[in-house]
Amino acid sequence: LQTMSGNEDDWLALKPQEPSPSQCCGSGCKPCIYDVYEKELAQWERAKEKQDKSLLTGKKEQSNNSELNPDTFTAFNISSVEQLTEDTYQYKFELPGNSSLRLSLGQHIVLRGMVNGLEVQRAYTPISPGNAEGYFEVLMKCYEAGLMSQYIKTWKKGDMVFWRGPFGGFPYRPNKHGELLMLASGTGLAPMLPILQSITDDEEDETFVTLVGCFRTFDKIYLKPLLQDLARYWNIRIFYILSQETSLEKLPWSYQENTYTGRLNEDLVKTIINSCRRKPFVLICGSSAFNEDMSRYLKAAGIKENSRFVF
């Protein structure tokens, strides 16, 4: 009888752990971490019923083959860390050989971190072009009290970090929309960049783009050189909304004419929509409060639900 209860303990030790709420990034990934758990649990139950542990060999928590995968976490090496503002960093990760993540536009990947023994998962959108070879780059903001931020702040060049994906994305096709209006707050700029770059890289793509970037101050605008380069294209306009700047006089003159102070409110959204060259399809990315406000303003401006997409 002793062997039986010992065996029972062995099986319990192999049972998959149910994820805690902190492990779900809340971005609607397919498969979500809970889907992965359900699959592993069913596999464990089958193996236990047949008393055959070899049926569990398919269970891999993480892989080292450096191929991004939605079901398993893969290790990637940090090749550089660049601080952009006081709380925002750009991280570059190595891809083996000259491989590429092959993400479709605006897709996000999920990071796994351990903080004080607690596993946390969060979604981030790479800002590098989807076909970039040998590397990918992610823009990350660290929050004072953020669990994941505590983990990210410890990263150094050469560290291994675990990602899975890709998920979501915006099904962009060249020339499908006359004009894209992008409303981005802070790091919400991330999913917009690969789309912008694919438009400027494609000479046949004549989509107009109006990007509205919301930041607290001029110093907090990320990736200024890249944005200034993009704004030189005939079909790209960029506006900045700076909520904590009081006057435009201190800004470089090249920013003065396309920058507003204060918040992006309903009136300003209407003004920008009216200045669009064609009826826009709107992309929104920011905090959940920002996304809700923008959806409300767009509705008031007569932009229907099927003419907007929230990342």
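Each Cβ is built from the backbone N, Cα and C atoms, and glycine gets one as well.
Any TrEMBL annotation is an automated prediction that lacks curation.
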1-20, 61-80 - the range that TrEMBL marks as region 'Disordered': 1-20
Among L139, M148, which are binding-site residues, the residue with the most C-beta atoms within 10 angstroms of its C-beta: L139
Residues near Y124 (FAD binding site) in space but at least six apart in sequence (CB under 8 A): H108, I109, V110, L111, V138, L139, M140, A190
Greatest C-beta neighbour count within 10 angstroms, which of the binding-site residues R122, K141: R122
Additional residues around FAD, ordered along the sequence, whose Cβ is within 8 Å of the centroid of R122, Y124, L139, K141, M148, S149: L111, M140, C142, G146, I152, T187
In the chain carrying S149 (FAD binding site), residues 6 or more apart in sequence that have Cβ under 8 angstroms from it: K141, C142, Y143
Stretch-averaged pLDDT - the domain 'FAD-binding FR-type' (71-173): 88
